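Student: Quick paste of what TrEMBL says about this protein:
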REGION    180-201  region 'Disordered'
TRANSMEM  6-30  transmembrane segment
TRANSMEM  51-84  transmembrane segment
TRANSMEM  104-136  transmembrane segment
Amino acid sequence: QIWRPITATFFFPVGPGTGFLYLVNLYFLYQYSSRLETGAFDGRPADYMFMLLFNWICIVITGLAMDMQLLMIPLIMSVLYVWAQLNRDTIVSFWFGTRFKACYLPWVILGFNYIIGGSVINELIGNLVGHLYFFLMFKYPMDLGGRNFLSTPQFLYRWLPNRRGGVSGFGVPPASMRRAAEDQQGGGRHNWGQGFRLGDQ
């Protein structure tokens, strides 16, 4: 039944004991997914789609290994975790006016969902998968100087092209912008001016 990984991602058993949990997680999905789309992935739908596909595939593999039947909450938590790490110093507000840095938000939600009837395993797997994506895509190649293990496939760029110019990929300006910057800066050398020959007015 090859459709099971897809239906397990979109299905959630809504009942008297799970209805509030379902609504809360839908709110988290809308809130932080839209913030990623209009923030770090603004104008780059292919990169955002690749993040969702990578997280989903990791969650499906984990779900098969651990005999998990529902995959919606881990996927939502993985998206939220990526946003929290990209905006780790942002101050967020939670229930009853509590305020803290965004980097702690996934773990606060883990505890909150557990209190209102969720499973710690689902939230924990989502956080771990989100951390895997963030580490391989951002932390390891950019902060630690390692090789880039993840890159968006070209077919996604063909299907979902970047919507505007500017910086493409993750922090690498396109060649045209690099050449323009080098021309303005004199190729990294000081621009001493044009100068004049002796006898010129």
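Just so it is clear, glycine is given a Cβ too, placed from its N, Cα and C backbone atoms.
Predicted automatically and left uncurated, TrEMBL annotations should be read as such.
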Student: Going along the chain, which residues at least six beyond the ends of the transmembrane segment (6-30) come within the CB cut-off of under 8 Å?
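Tutor: For the transmembrane segment (6-30), the list is 56, 59-60, 63, 68-73, 75-77, 79-80, 109, 113, 116-118.
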Student: Going along the chain, which residues at least six beyond the ends of the transmembrane segment (51-84) come within the CB cut-off of under 8 Å?
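Tutor: Residues 5, 8-13, 25, 28-29, 32-33, 35-36, 39-41, 102-106, 109-110, 113, 118-119, 121-123, 125-127, 129-134, 137, 150 contact the transmembrane segment (51-84) from elsewhere in the chain.
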